[in-house]
Amino acid sequence: WGLLLLAAFLGGAAAARCPAPCVCDNLRAHVLCLNGSLVAIPDTIPELTKKLDLRGNSFSVIPAGAFLATPYLTHLDLQHCKVERLEEGAFRGLGRLVYLNLASNSIALLYQESLDGLSSLQQLILKGNRIEEIQPGAFGHLGSLTVLDLRANALVYLPDMVFQGLQVLRWLRLSHNTLHVLGSEAFAALPALRRLSLDHNELQALPGEALARLDGATRLDLGHNPITYVAEEALAMASLRHLFLDHAFLQDVAPDAFARSPQLRMLDLRENQLQGLPPLAGTGGLVRVSLHGNPLLCSCLLRPFHNWLARARVQAEGACAAPPALRGRTLDSLKPPEMRCSRLRPPPSPSTPSEKPRAAGSRRCPQGCVCSPDFHHGSCENRDLQEIPRDFPEDTHLLDLRRNTFRTVPPDAFPGLKELVSLHLQSCGIRTLQPGALRGLESLVYLYLTDNRLSTLAADAFEGAPQLAYLDLDRNAFTRVPAGAFQLLPNLISLHLQHNAIRELAEGDLAGARGLRWLYLTGNAIRHIAPAALAPAKMLEKLQLEGNHLVEVPTTALRGLSALSELKLSQNPIKRMGDGVFLPVASSLQHLYLDNMGLEQISPRAFAGLGPKIRSLYLESNKMSNIPNMSNFTGLEILNLQDVPFHCDCQLLPLHRWINKLNLHVGATCGSPAEARGLKVKLSTTFQTCPGWGRGEAGEANPEKTMAASKASKKKRSGKSPARGFNKSRA
């Protein structure tokens with residue numbers, strides 16, 4: 001109340017507007033309404049307030065325009081306010097706000113316009129909500145954001161481009177969610193990111209493809225994820241210096257796992273199940289490796305790693321768990337002659353230095369395998385097994401059988417594993433998945449059959465696994481989609497059939513896949529897609545067809561895909577694009593990839609129907625002679641026009657003006673005339689001699705008129721009628 005009296009003295013009439021039960025400090029322009037009974041945002045808060053603290057109230061909904069009366073706010077705290085929903089435009093008018101704290105509420109969904117109007121926001125705290133889904137574009141208006149905190153929510157997957165618009169974001173915090181799957185471009189368009197926190201999630205493998213987008217990130221936290229193995233060249237992050245993979249389930253790390261992260265300085269592998277490491281190739285800058293809490297077997301098998309530590313001058317923290325004579329000895333105290341092997345043995349389990357018959361009453365686990373009661377994981381990876389072992393604990397959640405030689409998976413191959421969620425069968429030489437092979441796996445969600453020799457699947461191959469949602473069949477020998485195999489998979493969300501030899505998509509191939517959202521067909525030989533081939537997958541959101549043999553956009557096949565938001569046609573030999581080729585998906589499409597196709601001609605109305613919804617458009621490395629007018633693409637976050645040899649004459653003036661207004665890095669470069677070659681289209685001075693150049697704003701306000709004038713001028717000179725659009729023709 002002392003503050004209130006002071007405010008009344010200093011603020012005069014403004015203090016009289018301070019709503020009960022708030023305290024207003026007009027000297028510092030602060031208003032505090034803490035732990036009260038407010039159920040709506042007060043409309044009598046002084047207009048000049050800069051900091052507003054509303055913690056501990058009960059708002060439920062933040063309506064549109066809730067803060068229009070306080071346009072000078074720089075800090076807003078809404079923690080513990082029982083907020084369930086942010087209406088579109090809730091923060092409109094807060095163009096000066098730099099800090100927004102919405103932690104510890106009950107927000108479940110971020111709508112596309114929920115955060116509209118926060119153009120100056122630098123920190124957004126959403127920790128401790130119930131966010132399950134983020135609609136693409138939710139962060140599109142936050143161009144000044146540097147810290148985004150999404151810890152302790154309910155995120156299961158991140159779709160591609162979900163963080164579009166965050167051009168200066170430096171720290172993204174996603175810890176303590178339940179993330180299983182990351183889209184390959186989930187972190188695209190984050191050029192300034194330096195730190196990414198993904199610890200305490202459910203990632204079962206290093207999301208290398210998604211992380212490769214983060215060229216500038218220096219710190220990555222992946223601890224407390226059920227990752228069992230770091231594969232060859234799994235991490236390609238050019239600037240990464242600190243990597244945390246602690247408290248995971250690591251059993252093996254490939255020698256060149258980090259070879260494509262040459263700046264790595266510190267590697268934290270504490271509290272895993274590593275019995276040793278190989279020499280780590282390509283890590284010349286590594287200074288420290290932490291191995292505390294691993295069951296290190298300091299035998300002759302560890303000598304190469306120990307010798308490498310000395311040569312590379314890398315400090316290793318950790319102690320031997322076996323053999324008994326060396327138990328407790330630190331790695332840096334060991335001498336090579338002490339690290340002996342009495343005879344060759346199979347790799348022991350983490351609890352003992354060698355494989356021995358288990359005592360009566362011990363937890364069951366197949367001979368030669370490792371079973372973890374704490375993580376509910378079982379692993380027989382790379383044990384040269386020819387038959388699938390049995391007798392795993394019934395509460396096993398993840399089973400890793402990679403790199404064996406099973407050839408076939410027989411019926412009832414996994415008895416008693418009703419709680420199994422994730423099954424890894426990569427690189428096992430599997431030719432046949434027999435009917436009923438998965439029978440009894442009623443909780444199975446993830447099935448990985450990558451790098452096998454499957455060429456067909458029986459209709460009842462997936463009998464008994466009705467919850468299967470993620471199916472990975474990349475790099476097998478399929479020449480067509482295994483029609484009928486998905487009838488028993490009503491919950492299938494993601495289907496990977498990349499890098500097979502599929503020649504076409506026929507009607508009926510996807511029968512039964514009514515819940516399919518992501519279809520990956522990259523790197524096949526697809527020449528034709530039947531008009532009704534995709535019809536069963538009406539919920540499809542992502543379709544990746546790059547690297548096939550399509551010669552035209554499959555417009556007819558796209559009909560009925562009203563939810564499609566991403567279409568990749570890169571690296572198909574499509575030379576010409578006609579009118580309205582994307583009309584069937586124009587109402588939903590947000591990300592379109594048309595790069596590296598050798599595209600020579602784009603019809604003036606090729607992009608008919610597309611507009612503000614488009615967030616990213618990739619047209620680089622093509623040969624087109626014109627670019628249609630895209631002035632209505634007002635929502636663009638990414639536009640790539642690199643390696644297109646633009647002819648920077650007056651017909652390109654509308655494009656020059658348009659990309660200048662975009663305030664995006666588009667990479668458009670002049671290929672001619674000679675005096676402009678190599679210059680950015682934005683910077684070329686060749687346009688200064690064009691009719692209308694001096695009109696400035698008038699020309700920019702109506703680019704079509706400028707373009708028409710340019711064409712008329714060209715027509716007079718050449719006697720020809722040039723095509724409509726942003727033309728780069730020399731004619």
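From the backbone N, Cα and C atoms, a Cβ is placed for every residue, glycine too.
Worth saying up front: this structure is predicted, and the values here are computed from it rather than measured.
As given in TrEMBL:
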COMPBIAS  329-341  compositional bias 'Basic and acidic residues'
DOMAIN    17-51  domain 'LRRNT'
DOMAIN    294-342  domain 'LRRCT'
DOMAIN    364-398  domain 'LRRNT'
DOMAIN    645-691  domain 'LRRCT'
REGION    327-365  region 'Disordered'
REGION    693-731  region 'Disordered'
SIGNAL    1-15  signal peptide
Tally of DSSP helical, extended and coil residues in the domain 'LRRCT' (294-342): 22 helix, 10 strand, 17 coil
Model confidence over the domain 'LRRNT' (17-51), averaged pLDDT: 88
Three-state composition of the domain 'LRRNT' (17-51), taking helix and strand from DSSP: 0 helix, 7 strand, 28 coil
The domain 'LRRNT' (364-398), counted residue by residue under DSSP: helix, strand, coil: 0 helix, 7 strand, 28 coil
Number of helical, extended and coil residues in the domain 'LRRCT' (645-691), per DSSP: 20 helix, 8 strand, 19 coil
